[in-house]
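A short write-up of the structure that comes next.
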Amino acid sequence: LPICPSGSVNCQVSLGELFDRAVKLSHYIHFLSSEMFNEFDERYAQGRGFITKAVNGCHTASLTTPEDKEQAQQIHHEDLLNLVLGVLRSWNDPLLHLVTEVQRIKEAPDTILWKAVEIEEQNKRLLEGMEKIVGRVQPGDTGNEVYSRWSGLPSLQLADEDSRLFAFYNLLHCGRRDSHKIDNYLKLLKCRLIHDSNC
């Protein structure tokens, strides 16, 4: 849904509505990320021992994120908003390459391809929505430009199939993890900023 109908003048969507849309979108992205990871796991990762190798290998690890709800509640809302922006920006590049590289996986099902494209598009939409929210909550501030650079493209193009599939597995595992974090942070922010923490 477009935030404002085209051609509309002085269209003002409430902050509450912007948050509603962002939370729905982040929930949808997390749902798709989980589905895509599970599908990939079932189809390509069985018996390869990937899960034991995949601990703490996410490119967003350099962004300090709260581990649980209690920790997140200790963080000022401006810092939490900037953190959400940082994580979303950190995924722009990997998602773009994921869409291209996943097509080269042997017998990759259409459902995985479709989800990769959909997540990439929806992540961009969520980032735009979050920039609007930050502009509304912190006028004149589009958030700091801090994000984690991703250098994983060569590993998605390795000749060795096992190593390449592990790189995909790890990226999808991280996508599921980060989309879950964003979903939780947005719910917390919405509760704090829209409902005065009465949730």
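Counting begins at 1 with the first residue displayed.
Placement of Cβ uses the backbone N, Cα and C atoms for every residue, glycine included.
Annotated features, as they stand in Swiss-Prot:
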DISULFID  CYS4-CYS11  disulfide bond
DISULFID  CYS58-CYS174  disulfide bond
DISULFID  CYS191-CYS199  disulfide bond
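Taking Cβ-Cβ distances under 8 Å and a sequence gap of 6 or more within the same chain, the neighbours of CYS199 (disulfide bond) are CYS191. Annotation for CYS58 (disulfide bond): spatial neighbours ASN170, HIS173, CYS174, ARG177, ASP178, criterion Cβ-Cβ under 8 Å with sequence separation of six or more. By a simple count of nearby Cβ atoms, those within 10 Å, the most crowded of the disulfide-bonded residues CYS174, CYS191 is CYS174. According to DSSP, CYS199 (disulfide bond) sits in a coil region rather than a helix or strand. When secondary structure is read from DSSP and collapsed to three states, CYS58 (disulfide bond) falls in the coil class.
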